[in-house]
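Read through the structure below, which is laid out as structure tokens, and then see the notes.
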Amino acid sequence: MSLTLDFRLPREQFTLNANVSLQSRGVHALFGRSGCGKTSLLRAIAGLEPDCQGQISFNDHHWLNGKKSLPPEHRRLAMVFQQPGLLPHLGVRDNLLFGYKRTPPARRHMDPDDVIKMLDLSALLTLRTSQLSGGQAQRVALGRALLRSPELLLLDEPLAALDHAGKAEILPYLLRMIRHSRIPVLFVSHHLDEVVQFADQLILMEQGQIVSAGPLQSQLSRPEFARFGALSVLACRICHNEGAMLELALGQQRMKVPALPLNGTECRLRVQARDVSLSLNRLQDSSISNQLESRIEAISPAPHEAEVLIRLNVEGQPLQALITRNSQQRLQLEEGMRVFAQIKAVAIH
């Protein structure tokens, strides 16, 4: 995927300035506080903002050139909003096929039967939209978007309108869809826990500005993310399933975590910085079984003046630890030192 943005869009509180080039496939998450311009950026890409001026190009196709804008229906993309937006006069099957029937056969690369199976929609096909739960309706909206065979999929906080049960229902399907469809995705959220489940690349926005963009792991280790709740993501490989516990490989080191609902042999772990403690030596008399040999790469101030954020390198992956300044001084921690990062198994998700 090659998506290049260089445009301005006046808003009431600020002017949205987008200047970024996204070159990789996978999921790019737009993250930031509510009202920072994430949805406006997605709407501009979709061609839904007539006041947008500048340049938007996707895979060498110019969607916006100065003030000349390609109509939304001619952009090879699909967008899913917070609300499903299903057509109430049509049943589930006809809603699903609405975009599919309007896509030229030569451009169709998504098959209805495959999408129905992927999102587990078979039992819903004969229902009316009024009979669907929130999670079911959003699954139908995702299926309808896929069946347009887009080259780019825009997801504008697709979980925001759902309660806890609805989010729990749709999350596995959303993950499956992203993994199997292989369509580049721009995903909007202001919840970091959602972002780390889906994203490969992370774009931070503030007051209409793109502050930084890059791979998820390196972005999360930037100091400006500490105010959102410092956390790390570790990519691991499943070595052994012990029933209640999993043994994971992180490079040459091993970890144990409670059994998780995983598919395949790879997994992504979320670790809060406040759940990581440090020691100068491997502890023998400790209930903490996960002790990872690490090296300190950086020490920076934390949002609270009594704390510091330690960025570690563990087998080439960044891991953050939030500790007190008193602990840092007592252990005489400095950049370049070898330490052991201790993580309670029950704190890993």
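Quick reminder: no glycine exception, Cβ is built from N, Cα and C everywhere.
So that you can see what the record holds, here are the features copied from TrEMBL:
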type	residues	note
DOMAIN	1-232	domain 'ABC transporter'
DOMAIN	285-349	domain 'Mop'
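In terms of DSSP helix, strand and coil, the domain 'Mop' (285-349) has 10 helix, 34 strand, 21 coil. Mean pLDDT across the domain 'Mop' (285-349) comes to 95 in this model.
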